[in-house]
Amino acid sequence: MYLSWMSNQLLLLFSFVLGWISLLGVVLPSGLFHSCGDLYGRLRLTWQAEKMKRPYLLTLVCFWAITCSLMPSSDGLRRIGLKKRLLDLASIKAARQARLDGKYGVILKDRGIKLGDSDVDIVYLKNYMDAQYYGEISIGSPPQNFTVIFDTGSSNLWVPSSKCYFSIACYFHSRYKASKSSTYTKIGKPCSIHYGSGSISGYFSQDNVGVGDVVVKDQVFIETTREGSLTFVLAKFDGILGLGFQEISVGDTVPVWYNMVDQGLVDEKVFSFWLNRDPTAEVGGEIIFGGVDSTHYKGDHSYVPITEKGYWQFEMGDFLIGNQSTGFCEGGCAAIVDSGTSLLTGPTSIVTQINHAIGAEGVVSTECKEIVSQYGDMIWDLLVAGVEPKKVCSEIGLCYSDGAQSVSSNIEMVVDKQTDKGTSVGESPLCTACQMAVVWMKNQLNNQEVKEKVLDYVNQLCESIPSPGGEALIDCNAISSMPNVTFTIGDKAYVLTPEQYILKTGEGPAAICISGFMALDVSPPRGPLWILGDVFMGVYHTVFDYGNLRLGFAEAA
């Protein structure tokens, strides 16, 4: 009995020691922690079996505490361990919407970069059922911890403020308390970011920001005092840390990544993403600032140049469904790689074709079918006569422009709020439907299909147009028969299999499958635009080379 009581006391002592280690700011490397935890487990089993003598127990516990607190990490890096959560369909949809609301409304190794380098900083990510990846940062002295999305599609850092009194979302998340930080500097300049279904507002402040193992001094960030969307309540993250370029930073504030470079906290002007698409895995992924981990990818990275600073934007070539070209991006399309978007988004006309090919259930578009029945023959004749596709809809009087206006956008980007005074004029639903029909019919004409067959095909596509919320449900039993899709980037084909572009939750009769593609129409001059989100980045390890203004892709390991 005494030995059993002593075992319990030693277990309490063990917890007490760990608590003090935590309070003193000593970070135990995760790899070592697992081995120490294993020893702890063995100790407990041994104590419960009452097979050890008291003096040996005390000696062993003391030896364990000293060893685990002093021993260095095997790779010289401090890691942040993260937990996992399961969720249902409603949570997937809420997470996806929160990601969109949170932003838009919208080679190295042969340069000598190794995982063990002292100037390489690692942040572990949490995978929220493939819908959100987020990690932990700290702000202030002593540090106040927050979970944030590391978002390459925006450039500001924001977290809820302790002065956020009138937004429910703030009460469900950690809030920054300026009065508790000795390194806080007041700025107070008001600011706001407007999104498609809400906005956040607050004011600028300055403090030290901890990212992984390093501390960024005097970082300007936003304390939000209002979060005007219910989706922020449902989000599993407190804020957003933008990794885009300063050109799209609200208030022209210097992004965290810029300051990491300027303050010499990283040796190379590079960061890389590895996203683990296994939602049951212990580690959801990781960001490495200053380098890459060669165990996270296969082969070498292929690079493409950045075409426009702001987002991480590049030029994408043709997009294929199966082995069939859609013809939409043969002349090149703008695309961005965006860790803050869960899915793959593209023009409605192309996503509709994908939905049709994989049997996704969409909403029947009355306007689309009306175009086919009333104007289908006319569109066909104009295309056969050689009229430029972009001018067809204006020729028959359904659009007011000559094609410079693409399918109108239902989302306004943050950057549009800052730099544009209304760059586009919204087109009518019939114009939008006409433009999509032209794309589909032109593609089929290139394949030398007959008119009757083409019009019937376009009618079928009308039934596959995504619903306004973007949901596209899939028959889980049909995944094996669905086609691959291929993105052409820098003359290299990047293939996604159905298993990779379909999100699945649940098993057996309770399983629900959702298409990884979502329609998003961005108007010129920034559109049409593809957004390659986490679905793509989970398959292809991505390097963001800030120093050379390029992006690198390699098959993820």
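Positions of Cβ are set from backbone N, Cα and C atoms, glycine also.
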Have a look at TrEMBL and say which candidate in C164, C191 forms the disulphide with C170. C164
Among the active-site residues D151, D338, which residue has its Cβ surrounded by the fewest other Cβ atoms within 10 Å? D151
Tell me the Cβ contacts of C164 (disulfide bond) under 8 Å, same chain only and six or more apart in sequence, or just say none. C170, R175, G202, E223, T224, T225, R226, E227
With Cβ-Cβ distance below 8 Å and at least 6 positions apart along the chain, what are the contacts of C329 (disulfide bond)? List them in sequence order. M316, G317, D318, F319, T488, W530
Cβ-Cβ distance under 8 Å to C333 (disulfide bond), same chain, at least six residues away: E315, M316, G317, F319, P528, L529, W530
